[in-house]
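S.K.: My questions will all concern the structure given below.
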Amino acid sequence: MTDVLVPPAAPPAGGPGAGPAPEGGRGRRAVPAWVWVLPPVAALGFAFLYPLVLVVVESFAAPDGTGFSLEVYAETAASEAFRRALVTTVLLAVGATVGCLLLGFFLSLVIAFVPFPGARFAGRFINVFLAFPSFLITLSLVFVYGTAGLANGLWAGATGEAQGPFDFLTTPWGVLLALLTYFTPFVMRPLLAAFSQTETAQIEAAASLGARPLRIVGRVILPDALPALAAGGSLVLVLCMNEFGIILFTGAKDVVTLPMLVYTTAILESDYTAACAVAVVNIALSCALYGLYRLALARTAAGRGGDRAGA
């Protein structure tokens with residue numbers, strides 16, 4: 001008697017391990033990712049990009065209000081006040097960036113690698129300093145170096161003169177001092193974070209081999225600090241290019257930068273089209289200087305990397 005072979009039952013639709021089919025025969029479809037991204041992007045675009053687009057469009061408006069024109073840009077470029085403001089803005093931004101990089105690198109080296117009482121407090125104070133508004137730092141400089149400030153008062157009390165010698169805050173040098181005072185911690189913060197991860201064994205090994213401090217800084221510490229210098233320096237450059245409050249609170253009437261020119265043209269002269277044109281130039285100049293700075297720093301880092309590999 002032969003056995004009857006019963007074929008195995010077919011697996012359920014959907015393959016092995018598939019669960020029961022949902023009711024109605026239709027499964028839920030996953031929501032595309034762009035659906036979740038679209039609302040915040042639209043909100044940010046409406047809040048930030050839309051006003052910027054309006055400024056750019058207004059800068060190309062014709063004087064008679066019909067169509068678009070480059071006449072406003074031509075008049076702005078031919079203006080002596082605009083050219084002076086352009087040169088002043090670039091000089092102050094570049095000078096402040098170089099000064100902040102040098103001063104911030106030196107102070108960060110001292111705080112990170114030179115043992116002294118209060119080093120940890122100084123490092124933490126940098127974080128608090130970043131929260132200060134720029135006008136507060138400027139006012140403190142006015143109280144110290146202003147015409148009726150502390151330094152002039154001490155000088156007048158010691159010498160009997162009616163007026164002290166400190167009268168530079170309303171000059172470009174005073175504005176540069178205020179920029180250095182306020183923006184140097186923006187360079188120090190990433191540098192201190194980078195120095196905290198530096199291996200002290202390399203420094204000790206270099207010192208045991210007879211390397212001098214300057215050689216240790218140049219060969220061991222500086223290459224690891226270049227990314228932090230790039231981050232801090234690029235941030236300071238862009239912020240100095242667009243700084244308005246420091247110049248306003250120093251009372252430097254003869255120091256006119258592009259942001260100050262935008263303010264005076266729009267508020268005092270009520271020429272909004274020309275103010276928008278200056279603002280667009282300021283934005284383009286900031287982006288151009290930022291790109292040149294990053295390119296130069298990238299080439300410098302590549303050259304140092306090749307030197308270290310060759311060594």
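Placement of Cβ uses the backbone N, Cα and C atoms for every residue, glycine included.
Per TrEMBL, the feature transmembrane segment maps to 33-57, 90-114, 126-148, 168-188, 225-252, 272-293. Feature annotation from TrEMBL assigns domain 'ABC transmembrane type-1' to 86-293.
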S.K.: Per the 3+ Cβ pairs under 8 Å rule, pairs at least 6 apart in sequence, do the transmembrane segment (33-57) and the transmembrane segment (168-188) touch?
M.R.: no
S.K.: For the transmembrane segment (168-188) and the transmembrane segment (272-293), check the count of CB pairs under 8 Å (sequence separation 6 or more) and say whether it reaches 3 or more.
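M.R.: Stretch pair does not touch.
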S.K.: Do the transmembrane segment (272-293) and the transmembrane segment (126-148) share at least 3 Cβ pairs closer than 8 Å, excluding pairs fewer than 6 residues apart in sequence?
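M.R.: Between the transmembrane segment (126-148) and the transmembrane segment (272-293), which are separate recorded stretches, there is no contact, as judged by 3 or more close Cβ pairs.
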S.K.: The transmembrane segment (225-252): which same-chain residues, six or more beyond its ends, come within Cβ distance under 8 Å?
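M.R.: Tertiary neighbours of the transmembrane segment (225-252) are 89, 92-94, 96-97, 100-101, 104-105, 133-135, 137-139, 141-142, 169-172, 174-175, 178-179, 182-183, 186-191, 193-195, 258-260, 263, 282, 285-286, 289-290, 293-294, 297, 300-301, 304.
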